[in-house]
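What follows is a short report on a single structure.
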Amino acid sequence: MLRTILGSKIHRATVTQADLDYVGSITIDADLVNAAGLIEGEKVAVVDITNGARIETYVITGDAGTGSICINGAAAHLINPGDLVIIMSYLQATDAEARAYQPNIVHVDADNRIVALGNDAGEPIPGSSLLSSRSL
């Protein structure tokens, strides 16, 4: 039996562009793609913190150092520039692999620059006002 678990997360990224006239997908700055361990074409879930929208799409790697997070295609009706999003990938693993796996967590600032890397999906950026989901 395989379990589906969190593979990686880019936490609280700011959407920089939304383009209806594109075939589909999400374009993500190459620095963030690499830090999260994502690959071109990989399926991701995008959760909009601002309005609650949730979509599934695939990754297009954008130019490094730009901070770009661009929602392409029909999803641009749901997610807008300036919205805060969480981008998550999932992987399938055996029970033993799943219990040992540590996801790649990428925390970013308002300009989508990496401010912290980690492996605990429930912990906020150290020093932020966000609450840990482990303290609930």
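Each Cβ is built from the backbone N, Cα and C atoms, and glycine gets one as well.
Annotated features in Swiss-Prot:
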ACT_SITE  S25  active site, schiff-base intermediate with substrate
MOD_RES   S25  pyruvic acid (Ser)
BINDING   T57, G73, A74, A75  substrate binding site
ACT_SITE  Y58  active site, proton donor
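Counted within 10 Å of its Cβ, the other Cβ atoms near G73 (substrate binding site) come to 17, all protein chains included. On a Cα basis, the residue listed as 'active site, schiff-base intermediate with substrate' lies 7 Å away from G73 (substrate binding site).
Annotation: S25 are the recorded positions among S25, A74, A75 whose CA atoms are within 10 angstroms of the CA of the residue listed as 'active site, proton donor'. According to its DSSP assignment, A74 (substrate binding site) is helical. Excluding T57, G73, A74, A75, which define the substrate site, the same chain contributes G24, S25, I26, I55, I71, N72, A76, L78 within 8 Å (Cβ to the Cβ centroid), listed in sequence order. Sequence-distant neighbours of A74 (substrate binding site) (same chain, six or more apart, CB under 8 Å from its CB) are L20, G24, listed in sequence order.
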